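In what follows, a single structure is set out as structure tokens and then discussed.
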Amino acid sequence: MKIRTIRLGMLRIPLKTPFKTALRTVEQVEDVVVAIETDDGHVGHGSAAATAAITGDTHGSIIEAIRRYIAPQLIDGDITDLNALVARTQGALQRNTSAKAAAEIALYDLWGQLHGAPLYQLLGGGEPRLSTDITISVDGIDKMVADSLDALARGFTSLKIKVGKDMATDIERMRAVHAAVAGRASLRLDANQGWNAREAIHAIRTLEDAGVAMELVEQPVKAHDIDGLREVSANVRTPVMADESAFGPREAIELIRTRAADIINIKLMKAGGISNALKMADVAAIHGVDCMMGCMLEGPIGVTAAAHVAVARSATITRIDLDGPSLCTFNPVHGTTVFDEANIMLGDAPGLGIAKIDGIEWLNS
Ligand SMILES: C[C@H](N)C(=O)N[C@H](CCC(=O)O)C(=O)O
Ligand SMILES: [Mg+2]
């Protein structure tokens, strides 16, 4: 199974409601799609979200990185030697983790097709069902309460509440959501780097003292502020999870070694794809540290790949934030993966199980 052509396209999916974090507001998913075609007629699909505020990657940089640097390394490569293709992808250029992720996702899809098995089985197997939380965007307090109640009505039992805009209002946001939800869902707090360590400790302790139970607090301080993250972790009872501070295995090792975070959020777009995501989970497992499998605001292709990894490392990846498809107005990807609100079910088709994707705007090569 040799790689013959690599095509790029854009897949845009409007959201049900604007997605708002401390870092950005977005109204649609806009993924770069990569389709890797082989000499025997197989097609592997991958995708990348351009989350410039987090990874530094833009649509232009992702397209350029794949077209100019990664694709030339892969053409004529043989899928039977996945390790070599992954090494070439990772070595093609520095950083550009989203572009590398998209290419790797397509390569692993083809590898699954080569072996006639769903990817999660080739990665070690597991129960192919996951339950995801859903994001409640940072907004006015009444709107966040209404969105939380709507999420409960849709069957979600875990809410990821976005804060990090202004600490005093964030405390009120959490108090109001906690009161409205009244124990019917677990609450995860994601400040997306919006506080400093002092503010984070104050906000979290205030909420703890007020009886607002939080399953975890995600990335309270700036990505580079590892000392601040450690200070928060040491001074609150609620588990602290690193997201933007934890890109790949190197950062995961350092965060775990220095006890800067209790939990690691793994995302394919930060890690540079599946190979490093697996390493992050394995490093965490060695140290007995739990992980979340997360996603950017991205569509069903990348999220399907993340779900396969999460299933195959479910002993360590104990929390799932793969709500991208649930935030979208429709799913243009036809295949065996079912996204049904909180429930994600992987089918038994080879690779990622993608049969057809509607609405890709193919780019000229
Ligand atoms: C979509 C997912 N639930 C999420 O909240 N991811 C964010 C970053 C997403 C983005 O800005 O595209 C996170 O965990 O920080
Ligand atoms: Mg986060």
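The backbone N, Cα and C atoms fix where each Cβ goes, and this holds for glycine too.
Quick caveat, the model's predicted, so the values are computed rather than measured.
Per TrEMBL, the feature active site, proton acceptor maps to Lys162, Lys267. Summarising the annotation, TrEMBL assigns substrate binding site to Arg24, Thr135, Lys160, Cys295, Leu297, Asp321, Asp323. What TrEMBL lists as Mg(2+) binding site is Asp190, Glu218, Asp243. Among the features that TrEMBL reports, domain 'Mandelate racemase/muconate lactonizing enzyme C-terminal' is placed at 141-239.
Everything TrEMBL records as a feature, shown here on the structure.
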residue : record                       : DSSP (3 states)
Arg24   : substrate binding site       : coil
Thr135  : substrate binding site       : strand
Lys160  : substrate binding site       : strand
Asp190  : Mg(2+) binding site          : strand
Glu218  : Mg(2+) binding site          : strand
Asp243  : Mg(2+) binding site          : coil
Lys267  : active site, proton acceptor : coil
Cys295  : substrate binding site       : coil
Asp321  : substrate binding site       : strand
Legend entry - Whole-number Å value for how far Lys162 (active site, proton acceptor) lies from Asp323 (substrate binding site) (Cα to Cα): 14
Legend entry - Nearest-integer angstrom distance between the alpha carbons (Cα) of Asp321 (substrate binding site) and Asp243 (Mg(2+) binding site): 12
Inset, instruction - Return the members of Arg24, Thr135, Asp190, Leu297, Asp323 (the binding-site residues) with CB less than 6 angstroms from at least one atom of ligand 2, or none. - result: Asp190
Inset, instruction - Starting from the Cα of Lys162 (active site, proton acceptor), work out which of the binding-site residues (Arg24, Thr135, Asp190) are within 10 Å. - result: Thr135, Asp190
Inset, instruction - Starting from the Cβ of Thr135 (substrate binding site), draw a 10 Å sphere and report how many other Cβ atoms land inside it. - result: 24
Inset, instruction - Given the recorded positions Asp190, Glu218, Asp243, Lys267, state which is nearest to Thr135 (substrate binding site) when distance is taken between Cα atoms. - result: Asp190
Inset, instruction - Just give me the nearest neighbour of Arg24 (substrate binding site) among the recorded positions Asp190, Glu218, Asp243, Lys267, Cα to Cα. - result: Asp190
Legend entry - Glu218 (Mg(2+) binding site) to Lys160 (substrate binding site) - Cα separation in whole Å: 9
Inset, instruction - Please name the residue among the recorded positions Arg24, Lys160, Lys162, Lys267 whose C-beta has the most neighbouring C-beta atoms within 10 angstroms. - result: Lys267
Legend entry - Inter-residue C-alpha distance, Lys160 (substrate binding site) and Asp243 (Mg(2+) binding site) (nearest angstrom): 13
Inset, instruction - Determine the recorded positions, out of Lys162, Lys267, Asp323, lying near ligand 1 in the sense that the CB is under 6 Å from one of its atoms, and give them in sequence order. - result: Asp323
Inset, instruction - Calculate the distance in Å between the alpha carbons (Cα) of Lys267 (active site, proton acceptor) and Asp243 (Mg(2+) binding site), and round it to a whole number. - result: 8
Legend entry - Alpha-carbon spacing, Asp243 (Mg(2+) binding site) to Leu297 (substrate binding site), which is rounded to whole Å: 14
Legend entry - Rounded Cα separation (Å) that holds between Asp190 (Mg(2+) binding site) and Leu297 (substrate binding site): 14
